[in-house]
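Undergrad: Handing you this structure, nothing more for now.
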Amino acid sequence: MARAATIHVCSDCGHTEPRWHGQCAGCGAWNTLVEEAAPPKATAGGGRGAGRARGSTNAALARTPTALRDVHAEQTKRLHTSIGELDRVLGGGLVPGSLVLLGGSPGIGKSTLTNMALGHLAQAGHKTLYVTGEESAAQVRLRAERLGPGALDVPIVAETDLDAVIATLDAERPAACVIDSVQTLHAPDLTGAPGSVGQVREVASRIMGVAKANGTAVILVGHVTKEGALAGPRVLEHLVDCVLQFEGERERTYRTLRALKNRFGSTNEAGVFEMRSGGLVEVLDASARFVGEATGKPGSVVLAAMEGSRPLLVEVQALVSPSELVPPRRVVTGIDRNRLALVLAVLGRHGGIGTGTADVFVNVVGGVRVDEPGADLAVALAIASAQKGVALGTPERPLAAFGEVGLTGELRSVGHPDRRQEEAAKFGLADVVAPPRVTSLRAALRAAFATAREEGPVRAA
Ligand SMILES: Nc1ncnc2c1ncn2[C@@H]1O[C@H](COP(=O)(O)OP(=O)(O)OP(=O)(O)O)[C@@H](O)[C@H]1O
Ligand SMILES: [Mg+2]
Ligand SMILES: [Zn+2]
């Protein structure tokens, strides 16, 4: 037997089969069998299983528990990538020996971000390694040329064979390493294609082994499927220490980086980046940009959102236009479609704003995603403003809002109201429509349209 044996394990019930089947014989589920390396055969003479009676114990196996305060835990120094937003999302830099999964849709800038991070680390005197399975070394070099001198200091290996990558990691022992991408590496002992569940899991767990042993911080780049899951199934999420998601639309300027899971820090952090010819640039004054660019026209409302622990003002735009379609179109970018459905239903039922025969488009400007219920009210007001053709606030001082819309037309408070208010006030938008000042959608609509009558382009009543 030349190749290592593999087994197929049902991911639902754990049933094993020597060969792949479409249906699990154990639980009847379809397409749940995943290839894995076969566990090593239990060797004779280990004393295990050799007639050990049920209920009896082996005193030699007993371990002595240690009080947590006596456990030796070294405060390892984190590696600072000098990309402030990335370090912040990581909880203060890369932790040696940890595994970070960086996911994002094609072309979003994963390779750019990781190459820049390694470049900075290399310039700071850390040993780095960039493993590319996706692009040739020459392609990576061409990108690095526009990312500044540090990026060109990073040693690169173009390799897709997992054994070769593991051997290289063991020989080089870098402080930080990027695997771009985890789906392109191939474990030769498994028969599955690169990127399949079994392969991806094997690749990640073996890399984790060397990373932990050598104290190498590893960033695994992963592609996101259409459904938004990392590496197809979310097989890696529990395995790695940290899951980062790089989001945004490829054709737009702004991208956000957020942590979905972090064993060494909060998942409330998010960073905003802009793709420029010189690479990804942190956007520290994102609110100023978005407010400055806000149109203040009918259908435009500023949302005082939270990007992690940081307040961020973004412009929400809506367009309501008569439709022949049944059902009419509901098109969103930057917010959840289901949230829009809810907001439209409540607007119709409790706000007197019906959109049943109109197409509704809602867009968060700049490619930012705001996945929080706090966006509801701004969305509702933008739609109301668009439907009535009335601009809220003035072009210089557009209306700002936040708050969750409840099913009975009430407004619910959301996290960090003070910080949102402060951020809005910083940009001259002190008059924020938000709970608890207004407690119902109806009251919010009244307050919002009052700003239009006072200062906006007045419309005949
Ligand atoms: N000269 C340039 N100026 C500005 N932006 C550029 C330039 N060249 C490339 N880009 C941007 O960089 C993006 C690609 O970045 P990158 O290769 O890091 O993405 P990726 O997430 O690694 O993609 P993939 O999924 O293909 O690996 C392109 O979508 C493009 O918008
Ligand atoms: Mg890439
Ligand atoms: Zn099963």
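Note: Cβ is positioned from N, Cα and C throughout, glycine not excepted.
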Undergrad: Labelled motif 'RadA KNRFG motif' by TrEMBL, one stretch among 81-85, 261-265, 406-410. Can you tell me which?
TA: 261-265
Undergrad: Given the binding-site residues SER105, SER111, and counting only Cβ atoms in the protein chains shown, which has the most within 10 Å of its Cβ?
TA: SER111
Undergrad: Listed binding-site residues: GLY109, LYS110, SER111. Which have a CB under 6 angstroms from an atom of ligand 2?
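TA: With ligand 2 as the reference and 6 Å as the Cβ limit, the list reads LYS110, SER111.
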Undergrad: What is the average pLDDT across the motif 'RadA KNRFG motif' (261-265)?
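TA: Per the prediction, mean pLDDT sits at 88 for the motif 'RadA KNRFG motif' (261-265).
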Undergrad: If we skip the immediate neighbours and take only residues 6+ beyond the ends of the motif 'RadA KNRFG motif' (261-265), which ones have a Cβ under 8 Å from one of its Cβ atoms?
TA: 90-92, 95, 98, 237, 240-243
Undergrad: Have a look around GLY109 (ATP binding site) and count the other CB atoms within 10 A of its CB, chains all included.
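TA: For GLY109 (ATP binding site), the 10 Å Cβ neighbour count is 20.
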Undergrad: Would you identify which of the binding-site residues GLY104, PRO106, GLY107 has the most other C-beta atoms lying within 10 angstroms of its C-beta?
TA: GLY104
Undergrad: What three-state class does DSSP give GLY104 (ATP binding site)?
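TA: Looking at the DSSP assignment, GLY104 (ATP binding site) belongs to a strand.
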